[in-house]
Structures are given as structure tokens and as C-alpha cells.
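The next block holds one structure in the form of C-alpha cells; read it before the comments.
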């Protein structure tokens with residue numbers, strides 16, 4: 001190899017088209033010193049240095065001279081016999097030509113080269129000799145250059161892998177017989193709109209002359225319309241991505257004298273390459289300025305911009321607020337952190353969330369009883385007064401249905417009320433997990449027959465009487481004095497007491513006394529019941545009559561029946 005890092009203007013002009021040469025040289029000088037952050041701390045695109053990716057790397061050849069030792073001769077032309085012959089011996093360090101000489105460093109004066117066996121060993125078409133270079137990581141390749149120690153082959157092909165272990169893909173063909181050998185017509189450019197990942201076949205470098213020192217330089221982007229907009233062409237970015245290269249030497253160039261099978265003539269035809277260089281950069285997608293071995297010795301990008309992966313091809317786990325993108329000259333496309341309100345360090349990219357809001361980070365495992373894509377709200381049955389405050393439990397009754405995340409007011413089931421959803425609304429009864437039931441109206445009152453023993457002295461009380469507005473009451477109700485005023489506190493107690501009465505009414509039988517409210521104390525006048533037996537009817541056959549909410553302001557009680565121990569029901573508060 002003539003230079004460890006290919007990059008001089010002289011070599012560039014010889015190997016590449018001028019515009020690609022300029023691109024490569026600019027990249028070489030700027031890439032190595034280009035940091036990933038500007039002086040203000042803002043991210044910008046960065047790339048590893050432009051280098052000869054083949055230098056010093058091991059190359060494997062399927063055929064090498066010297067095992068067994070053999071003679072080879074230098075071809076002096078069609079009119080001259082091969083007068084000068086030498087020995088190739090793989091066991092002799094002075095006379096071997098193994099594959100390591102393809103990527104080593106040497107001077108022009110003391111050239112080294114790899115060499116195959118001669119045509120005397122049957123290497124001519126249809127037999128092939130393959131040379132394989134494993135880069136150890138993906139590179140973005142600008143050119144592949146081969147310098148031949150003998151005449152250039154009549155036909156050879158370059159193949160590549162875009163990923164480790166992937167299939168071999170055609171990269172470039174060279175042949176004086178493109179259609180016959182490779183089934184492709186010669187071409188050197190594409191028209192806009194054509195597939196830019198198609199390998200060309202060129203007949204330019206297939207002459208037998210020069211007999212030594214001929215170059216072949218393959219420019220990976222030449223003749224492809226999107227080359228001037230490389231950052232905007234994913235197809236070309238994939239096209240130049242290489243992890244492995246294979247050079248398949250398919251047919252030797254001859255003067256035609258090989259048909260006579262003269263041993264000296266056959267010994268003068270063989271493949272020999274002195275330089276195998278590959279110009280490109282370690283692929284980091286614009287998010288790293290260098291590649292280095294990891295703990296396992298594998299070459300990886302030293303990723304910046306909160307990216308990760310061997311090629312910086314994805315965002316770090318907590319930097320998922322927008323989709324990953326390759327860095328360009330216009331924008332670094334750094335990865336952005338998820339907004340989890342300081343309550344989670346886990347998230348994933350949510351495409352639908354990004355489409356709706358422009359932020360795709362969806363948080364996981366929110367702390368402090370929070371929930372939502374950004375841990376921005378309280379969990380169900382929790383609330384908080386301040387946006388950054390801690391979420392507190394609402395303590396809703398199990399019969400509730402969640403609570404308001406800002407006020408803590410429980411969202412009650414139908415017919416249920418209270419801040420904690422712990423009691424029925426007026427006109428409802430039967431508190432349960434399904435809510436409360438609406439009390440039936442006067443014309444819908446069920447009148448089940450029950451047998452209840454009446455105690456003496458239960459027929460009077462300090463209640464108010466109602467003589468109108470109740471069509472189901474007997475005509476002989478008694479009139480009592482008008483109701484006294486009811487204060488706000490008394491009204492609240494009346495309501496709560498009524499709730500207890502309604503709950504008591506749902507219990508089977510009627511032999512349990514309602515008693516005194518331990519929490520509310522004695523109810524004010526108008527709420528006292530002389531007996532738990534709420535009856536209507538005549539004689540000795542009373543009937544059970546539940547409460548209903550059809551009474552005017554205040555608490556009223558209607559006395560029904562001919563005996564002191566018979567009472568009718570109708571207590572309510574409006």
C-alpha cells in the first residue's frame with residue numbers, strides 16, 4: 001500500500017472524478033476536527049475522519065501462490081517470450097506474496113503485492129479468485145481503488161454487504177464483455193427517477209495494457225443523480241454503506257497465446273495486486289466524530305447528541321420525544337428528552353402522540369400517584385391543588401366513580417351525593433356500589449302487607465301535619481300547629497337524619513328501633529319519630545307506607561287512623 005491514509009491531491013486526481021475528489025479532501029480536513037457541539041453548546045452534525053478503511057486490516061484470498069512453491073514469469077509483451085522468471089514460496093519470507101501485502105504500508109521503490117497461482121494451475125475463467133475485506137463495522141464508502149502489479153483483469157466484479165451477515169450485493173462490474181459475462185449492458189450514469197442502487201458495468205478498465213501498475217478506481221456516487229443531495233437521499237446513504245467488500249477476479253487478460261498451453265506462457269498469466277484501498281468514514285449518521293473499540297474490542301461510534309447504537313442509529317432510552325433522524329448540515333437532529341414532569345425516567349416513542357402534539361415521548365411508571373403521557377395528571381381517585389404538588393387520595397366511598405383531579409370532589413354514581421360519595425341524594429334510597437334508587441311517587445307507592453305489633457303511647461309526637469297535597473292519605477288526618485322555623489344547621493341535620501331513616505326502611509322487617517343518631521345528636525323539632533313503625537290503614541290491620549319526597553318546606557308528619565298507635569308517614573325536607 002503506497003499510503004496509510006489516502007488523501008494527497010496527486011492520488012486523488014488519479015483515482016476519482018474531480019468533484020468527488022474535492023468532496024473527499026474537504027471531508028478529510030474538516031471531519032477529524034469537527035466537534036459535535038458549537039462554541040455556544042448547540043448541537044451540530046459531526047463525522048469521523050475520512051480514512052483508508054482497508055489499511056492494516058486482514059484480507060482473505062481464496063488463492064495465493066507459493067503452496068506448493070511455483071515459478072512465475074514476467075510478461076514482456078506479445079512479441080517477447082517471458083525471459084525473466086521468479087519463485088513464489090509461501091514458506092520463504094523473501095519470496096512469498098500473501099494477502100497481507102494488499103493493505104500494508106510500503107514505498108513505491110520497494111513495492112509489495114499479493115499474487116495468485118498462475119494459469120498453469122487452472123485459475124482462468126470460469127474459475128474465479130475472490131478477495132474479501134471485513135471492515136468490522138459499517139462505513140460510508142466514497143471509493144474503492146485497486147492497483148494491479150500485472151495487467152488488469154479482463155473481467156472482475158466488486159460486491160458489498162450493507163450489514164454484517166447480510167447478502168452480497170453487486171457494487172460494480174468491469175468487463176470488456178459486460179453483456180456476455182455479467183448479463184449487463186455497459187453504462188456509467190443513471191437518469192433522474194431510476195433506481196440509484198443499481199450496479200454499473202464498465203468496459204473502460206479492461207485493456208491488457210499497461211502490463212503493470214494499472215489502476216481501477218470505483219467512485220460509489222459517480223453517475224447517480226442524487227449525489228449532490230446526499231443528505232436528502234436515504235437510497236444513496238444505504239448504497240454507500242458497507243461492512244464487507246468482495247473482489248471477484250473472473251477472467252485474466254491474455255494475448256491469446258495461452259491456447260497453445262506453453263508452460264512458460266501459462267506461468268506469465270496470473271492476478272497480482274499491490275494496493276487495495278477503500279476511502280470512506282466510519283458510519284455514525286452525523287452524531288459522532290470518532291469511532292473506537294468498545295469493551296469487547298468491537299469498533300463502535302462514540303455517540304453524541306443523546307444517540308446510541310453501533311452507528312448512533314437510535315436515540316437513548318429517555319430521549320424519545322421525537323423520532324430519530326440522521327444529522328445533516330442544516331440540522332443536527334439531536335434526540336430530545338421525554339417530558340415526564342420529573343416523575344419518571346422511562347418512556348417510549350409514541351408515533352400517534354407525536355402526530356397529535358408534536359411530542360412523542362410517552363412516559364412509563366409515573367411516580368407520586370401521577371399518570372398521563374407526561375405524568376402530568378393524578379391517577380384515578382387522586383387529586384392535587386397545585387400543578388406541581390403531590391397527588392392526594394380522594395378517599396371516595398367505594399360507591400363513587402373517581403374524583404376530580406383538581407378539587408378532589410368525588411364523581412358519584414347516579415343518585416349518590418357528598419364530597420366522598422357516601423350518601424344518597426334527596427329522593428333516593430338504597431345506597432350501594434351501583435348508586436341509589438329513586439323513591440317512587442305517590443301513585444307508585446308499593447303497599448306491601450306486613451304485620452307489626454304496635455306499642456302503646458306511639459301514636460303522638462311533635463310533628464307537623466299535612467292535610468293537602470297527598471291523595472293517598474285518609475280524610476280523617478288531624479291538624480297540628482304550624483312548623484317552627486328551621487335553621488341551616490337544623491336543616492342539614494334533618495337531611496342527614498332523613499337519610500338514616502331511608503336506609504333503615506330498606507332493612508327487612510320492622511322490629512328494629514331507629515333510635516338516636518350517634519353522629520348527629522338529637523334531631524331538631526320536626527325530625528323526631530315516635531316509633532319505627534310507619535303505618536297507614538284502619539283498624540287492627542295496618543300497612544307499611546314508605547317515605548316519599550313530596551312535602552313542602554320544613555318537616556311535616558301526618559297522623560292517620562282512628563287509634564293513637566297508628567301513624568302515617570310523609571316526613572321530608574325541601
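Every residue gets a Cβ built from N, Cα and C, even glycine.
Unlike curated entries, TrEMBL annotations are predicted automatically.
Model, not experiment: these values are computed from the prediction.
Residues or ranges marked as disulfide bond in TrEMBL: 284-301, 303-312, 412-421. Look at TrEMBL and you will find 42-281 tagged as domain 'Laminin N-terminal'. The domain 'Laminin EGF-like' annotation in TrEMBL covers 282-337, 394-438. The feature signal peptide is assigned by TrEMBL to 1-32.
Here the features listed in TrEMBL are placed on the structure.
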{"residue": "284", "record": "disulfide bond", "DSSP (3 states)": "coil"}
{"residue": "301", "record": "disulfide bond", "DSSP (3 states)": "strand"}
{"residue": "312", "record": "disulfide bond", "DSSP (3 states)": "coil"}
{"residue": "412", "record": "disulfide bond", "DSSP (3 states)": "strand"}
{"residue": "421", "record": "disulfide bond", "DSSP (3 states)": "coil"}
All-chain count of other Cβ atoms within 10 Å of residue 303 (disulfide bond): 23
Fewest other Cβ within 10 angstroms of its own Cβ, chosen from the disulfide-bonded residues 284, 421: 421
Spatial neighbours of residue 301 (disulfide bond) among the disulfide-bonded residues 312, 412, 421 [C-alpha, 10 Å]: 312
Those disulfide-bonded residues of 284, 412, 421 having Cα within 10 angstroms of residue 312 (disulfide bond): 284
Rounded Cα separation (Å) that holds between residue 421 (disulfide bond) and residue 303 (disulfide bond): 55
CB contacts for residue 312 (disulfide bond) [other CB atoms within 10 A, all chains]: 27
The domain 'Laminin N-terminal' (42-281) [mean pLDDT, rounded to integer]: 93
Rounded Cα separation (Å) that holds between residue 303 (disulfide bond) and residue 284 (disulfide bond): 8
Whole-number Å value for how far residue 412 (disulfide bond) lies from residue 284 (disulfide bond) (Cα to Cα): 57
